[in-house]
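Annotated active site, nucleophile per Swiss-Prot: ASP15, in sequence order. Per Swiss-Prot, active site, proton donor is recorded for ASP17, and the stated evidence type is similarity to another entry. Taken from Swiss-Prot, the feature substrate binding site applies to 15-17, 23-28, 59-62, 109-110. Among the features that Swiss-Prot reports, Mg(2+) binding site is placed at ASP15, ASP17, ASP136. Summarising the annotation, Swiss-Prot assigns Zn(2+) binding site to CYS98, HIS100, CYS106, CYS108. Taken from Swiss-Prot, the feature site 'Stabilizes the phosphoryl group' covers THR59, LYS110, and the record attributes it to similarity to another entry. For ARG109, the entry in Swiss-Prot reads site 'Contributes to substrate recognition', with the evidence type similarity to another entry.
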Amino acid sequence: MVAERAGHQWCLFLDRDGVINRQVVGDYVRNWRQFEWLPGAARALKKLRAWAPYIVVVTNQQGVGAGLMSAVDVMVIHRHLQMQLASDGVLIDGFQVCPHHRSQRCGCRKPRPGLVLDWLGRHPDSEPLLSIVVGDSLSDLELAHNVAAAAGACASVQIGGASSGGVADASFDSLWEFAVAVGHARGERG
């Protein structure tokens, strides 16, 4: 999918809702009580951490822009997520959040590449050519395309059963299945 380059680091950019946790139908995950891990997601993050020097969550949280929750509410959710993962030795390197409503014309709302380009700009050892966007929606796959257009390359992985119409570089039913495939590609057994 992508090739190694000496001196540069892989970066895995993950969508949150629908990839790591269940989406709340017709609403937003407004607090930690509403956050529900998808099966195998925490285990997948641990497996992926062994391979990816950087794991960054990139998420649109338009509930903030709509006034349904605050930026602090989102930070608290991410702090709890980070603490649960840390208890198992897993670190998320960053949370890139667009708090704007879709009606606003910001540069950070996916599929615009602002959040990813911001991360890459602040981490010069991370390499767009070695970056992968993992998401469950067309906007995530378009994000990978837009990062590639701006930075030279970026692969896309779709999570979930819906067809991407051939837009994704690879598709898996879950984050866990993606992690297992990465492990197999790296020669891991089991």
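Numbering starts at 1 and runs along the chain as it is shown here.
Positions of Cβ are set from backbone N, Cα and C atoms, glycine also.
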In sequence order, what residues of the same chain, 6+ apart, have a Cβ less than 8 Å from the Cβ of GLN62 (substrate binding site)?
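TYR28, CYS98, PRO99, HIS100, HIS101, ARG102, ARG109 - these are the non-local Cβ neighbours of GLN62 (substrate binding site), listed in sequence order.
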Using the recorded Zn(2+) site (CYS98, HIS100, CYS106, CYS108) as reference, state which further residues of the same chain have their Cβ within 8 Å of the centre of those residues' Cβ atoms, listed in sequence order.
ASN60, GLY65, PRO99, GLN104, GLY107, ARG109, ARG112, GLY114, LEU115
In angstrom units, rounded to an integer, how far apart are the Cα atoms of ASN60 (substrate binding site) and ASP136 (Mg(2+) binding site)?
13
Of GLY26, THR59, CYS106, which recorded positions come within 10 Å of the residue listed as 'active site, nucleophile', going by C-alpha to C-alpha distance?
THR59
Going by Cα-Cα distance, pick out whichever of the recorded positions ASP17, VAL24, GLY26, THR59, ASP136 is nearest to CYS108 (Zn(2+) binding site).
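Closest by Cα: THR59.
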Measure from the CA atom of ASP17 (active site, proton donor) to the CA atom of THR59 (site 'Stabilizes the phosphoryl group') and give the result in Å, rounded to a whole number.
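Cα-Cα distance, THR59 (site 'Stabilizes the phosphoryl group') to ASP17 (active site, proton donor): 8 Å.
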Taking DSSP as the reference, which of helix, strand or coil describes ASP136 (Mg(2+) binding site)?
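Coil, per DSSP.
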Which of the three DSSP-derived classes (helix, strand, coil) applies to GLN62 (substrate binding site)?
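Where GLN62 (substrate binding site) sits, the three-state DSSP reduction gives helix.
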List only the single closest residue to ASP17 (active site, proton donor), chosen from the binding-site residues VAL24, GLY26, CYS106, LYS110 by CA-CA distance.
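Result: the closest of the binding-site residues to ASP17 (active site, proton donor) is VAL24.
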Taking the Cα atoms as reference points, how far is GLY26 (substrate binding site) from ASP136 (Mg(2+) binding site) in Å?
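Checking the Cα atoms of GLY26 (substrate binding site) and ASP136 (Mg(2+) binding site) gives a distance of 16 Å.
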Cβ-Cβ under 8 Å from VAL24 (substrate binding site), same chain, 6 or more residues apart: which ones?
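Residues satisfying the criterion: ASP17, ARG30, GLN34.
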